[in-house]
Amino acid sequence: MKTVSKLENLFTVINETADLIAKECQLSYIEAVAETGENLFHGSILQEDLSEITKKNLKRKYDSINLSTFEKEEIRKAFQIVILKGLKEGAHPNHQMTPDTIGLFLGYLVEKFVGNQKTLTILDPAVGTGNLLTTILNYLSKIETLESYGVDVDDLLIKLAYINANLQEHPIQFFNQDSLSRLLVDPVDVTVCDLPVGYYPNDVEASNYQLKAMEGHSYSHHLFIEQSIKHTKENGYLFFIVPNSLFETKEAPKLNQYLKEVAIIQGFIQLPLSLFKDEKHGKSILILQKRGSESKQPKQALLAQLPKFSNITAMNAMMKQIDQWFSENK
Ligand code: SAM
């Protein structure tokens with residue numbers, strides 16, 4: 001007989017309660033995931049207009065689990081699955097979540113660069129569902145004091161992020177706004193961001209950036225890089241998920257010149273193409289250090305092409321190469 005794991009149990013409870021709420025409150029599944037997450041966090045049913053029978057059914061399902069017995073990673077993973085299901089159902093086609101295969105690798109890199117610090121401030125200016133940021137926070141559990149900030153323009157995604165953070169007990173400060181407008185976050189030690197790629201429609205706001213396009217709309221991913229550097233401390237590190245073609249477009253020379261002035265490129269690591277539906281949309285991790293009195297140019301930037309995450313032997317060999325790079329350059 002197949003035994004049901006704790007994680008599956010939690011997934012089933014979130015999934016089934018979201019279905020019940022979606023049906024009765026006429027919400028999309030993903031909106032109902034946010035509602036049921038709130039209920040779980042508050043330990044009560046917050047939707048007043050539900051029928052008594054639905055309230056009873058919900059309570060029975062919530063009572064079947066004890067959240068305090070779950071690890072942060074178990075809660076994040078269960079939420080990741082329901083959110084993925086919700087996003088796939090397509091009510092919100094533009095919404096994306098960073099998968100934890102990428103998040104875990106980024107967590108490893110962040111730890112390698114700054115893991116010996118006791119306190120750390122970290123910002124994700126396109127926090128979305130919070131999956132990337134909380135994967136990294138869970139990975140950095142050895143750091144004693146972690147202060148984190150998440151910004152997103154999408155109110156549903158940021159609601160999911162804040163529920164995710166509450167359930168995992170991460171005291172993240174969230175801002176629901178356009179990250180390219182004025183951002184009230186003091187410079188941080190580390191910025192991480194799965195950049196939104198495309199054109200930024202607000203030319204007035206874009207005109208405040210050095211990386212604005214000479215004509216037409218600017219690339220939002222370029223403006224995000226500039227804004228992130230502005231909100232990172234001198235000598236601090238930035239980890240971006242960027243299109244593979246970042247340095248090949250017609251705006252690239254300007255980006256290159258700007259980066260030379262304000263930052264040091266520490267690495268460019270191509271993610272396995274198998275992670276992306278279309279090779280044209282392949283992505284890489286760009287690692288920068290903001291220039292400052294202690295910033296240091298590596299002998300050579302960390303350049304690598306990652307094998308499939310499932311290929312353990314090749315992945316171990318890659319980790320060894322990366323460790324080697326660290327021993328020679330850090
Ligand atoms: N890392 C996120 C996660 O794990 O869910 C996913 C990030 S997704 C690739 C990019 C995010 O950028 C989306 O959540 C989108 O709403 C957000 N975004 C796009 N333009 C924005 C802007 N101008 N200001 C703030 N957020 C923005």
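From the backbone N, Cα and C atoms, a Cβ is placed for every residue, glycine too.
Listed in TrEMBL for this protein:
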{"type": "DOMAIN", "residues": "8-87", "note": "domain 'YtxK-like N-terminal helical'"}
{"type": "DOMAIN", "residues": "98-297", "note": "domain 'DNA methylase adenine-specific'"}
### Query
Over the domain 'DNA methylase adenine-specific' (98-297), what does the predicted model average in pLDDT?
96
### For the domain 'YtxK-like N-terminal helical' (8-87), the number of residues DSSP places in helix, strand and coil
63 helix, 0 strand, 17 coil
